[in-house]
Structures are given as C-alpha cells and as structure tokens.
Amino acid sequence: MDHGGVGPYQLGMEHGGKFEISETSVNRGPEKIRPECFELLRVLGKGGYGMVFQVRKVTGANTVKIFAMKVLKKAMIVRNAKDTAHTKAERNILEEVKHPFIVDLIYAFQTGGKLYLILEYLSGGGLFMQLEREGIFMEDTACFYLAEISMALGHLHQKGIIYRDLKPENIMLNHQGHVKLTDFGLCKESIHDGRVTHTFCGTIEYMAPEILMRSVHNRAVHWWSLGALMYDMLTGAVGAQLKAACVMPPFTGENRKKTIDKILKCKFNLPPYLTQEARGLLKKLLKRNAASRLGAGPGDTGEVQAHPFFRHINWEELLARKVKPPFKPLLQSEEDVSQFDSKFTSQTPVDSPDDSTLSEKCQPGLSGFYICGSICT
C-alpha cells in the first residue's frame, strides 16, 4: 500500500482546470491574515508541493491557539491543470463542509508564491500510526472507527461530494481520539441524484474496481474503500506489509499491475477468526459489481449502518461524540506532537522565502483563495 509520502495532513496530489476560486469568505472578521500571524512550532509533514507545520497564532483572534498550517507552492501547482483544480476543490469543500468527523478549515490566504490553509490541529495523529502500533484492531475498536467514518461519508454524500481517497493516512484523530477525515484534494463535487463521474484517481490499493476500469462511478466507491479499510483493521494487513511479513492486504501485489489484477479478478480469503457479522459486512462491501454493493442503493449510508456489525452503535450519541473512543492519545499539552512521525517533528520548522511571485498570467483566479474570519468554535 501507498504508506510513504508526507504522513498526516497529506500534501501529495499525484493526479490532478483552471484555478477559479470564488471570492467567498470563511474569514469574516476585519483581521488581515498573513504568514506573520503564525509562529512555526514543528514540522508535521512534507511533500513535493510544500509542507505542513504545527503553528501558534500570535496576533488577533484565536491568539495562542494551535493550528496546522498547510503551505503549497504556487509554482508547483499551476504547472498542472489537474493540480490546480484539486487545490481549488480542497479549499472550497473544506469551506462548505462542517461535520464532527471532518477536519475544520479555519483560514485560507496566499502570498505571491504560496497558498496557505490553516486547519485545526489534530493532536491524536494518524489512524495509520495507531494501527501500525497495535498491529490489529479488535472488532469493537474497528467498529467504532468505521462507524464514525461512515457518518462523515454520509455527510459528504448529502453534499454531493465523492471523497475518492479513503485510506488510513487520510484518517486522523483529535485529542479525544475521534476520527477526522483530511485531504480533500481528490474530491468530486456536484454528484447528486444518480450523477456519475469518470476520473481515474485515488490510491490503487483502496480503489473500487469501477475506477480502475475507468468506468463511470458514483458514491458506491466509498463503500468498497471502507471494506478494504475494514480488512486492514481486522487483519493487521497494514502493519504486516510494513514489517515485510507474509500476510498481505487483500488487494496488494508485487507491483501496480498485479495489485490491479487482484482487485479486478482474484478471490480474497477472510481469516477464520472473524465473527459472522464482520465477515458478512466485508463480503457485502467488497462486491465488484457496484450496483449490488451494500450502500449503493437509495438507502446509501443507512444501508451500511443497519448491518448487524454495527448493532451496538448508538448513532445519535456517536454523532454527538458522546461515545468513548477506544484510544485516547496521551498528550502532555496542546502542542504535543508525540503521535506524529519523529522524522518530521525532529526537523527545524522553516517556511522557505517567498521568492517565486507569479505573474497574473500564470495564476488566473487565485485572488479568491482568501478566507479570513473565525469559524473556530
């Protein structure tokens, strides 16, 4: 599986058009947000398009509050129309979508050469790191995380949004241990009432067959990805692969082609220790025929949540975050980065000089990127 890259708060945009972002406002206050409003504390992630820092706000509203600051280099983004479209989509979707299990966008602004997204700081780190530590999740633990993820996906469906990159690296935990979906660069908007899309994008190991076959697809791709994620959780497949053990995820091959062949053709085996409910849900989610996949019908999320695997979930309490998470990170302070990869957090945080100011000709529509005004509650 694709577990390299920048870690939590993903920066990669492997796929990708004109960059047209409307001049709307999440930033509703009078404060002018700029890089100098934030003190760099730690590096949280790094990729080809920029970096993610842990920062402290030092001016105006929300002073001393800790955030994650995602910095993207315009010069890298505008070279590819798909990348500009994905950056636009992430900013717009995060402005629109507010949900307990989706990361909050607080501010967005730009300088001559960079784009900045200020996000809530999720001190619990990535679910992937937790799965790697544990090796395997018990079914009640997996059930909790899958239930919260399903609620986030259901909210996106109501907004007509297809996420298309559900994987452990894009699922983070807040300070209490609740799920937060991140990295919305590969989302597709305006998919309502049976509409479909064709774009080939996502992470191969979690892609539904219809995407790999470059067929039309809709929200049903989420439920395939949820099934692949569930398999990882219950079998320890992620950790096994990293440790170069013999046990491999159901749809991972020696190379890209073999992985795709497995997804499209091979039968996968379920471990005998799984309960009947877990086995039943996996079989219903991992159906290659999208139309017969659980959740593909008009009931959508409700079909998935009604499965016996989730029989002990109180959905109202879960949405209100009243259900105790199975893992609560041990944090010493709001600035704690112990749940992040030390290969990043040990680096000195430096936002490189903004020396690549682009001409207006090279960055059409970028003037609308600005969002300022507290939506932080």
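Here the Cβ of each residue, glycine as well, is placed from N, Cα and C on the backbone.
On a predicted model such as this, the values are computed, not experimentally measured, just so you know.
Per TrEMBL, the feature domain 'Protein kinase' maps to 38-310. Annotation source TrEMBL lists ATP binding site at Lys70. The domain 'AGC-kinase C-terminal' feature in TrEMBL is assigned to 311-377.
All protein chains shown were included, and the count of other CB atoms within 10 Å of the CB of the residue listed as 'ATP binding site' stands at 26. Taken as a whole, the domain 'Protein kinase' (38-310) shows an average pLDDT of 83 in this prediction.
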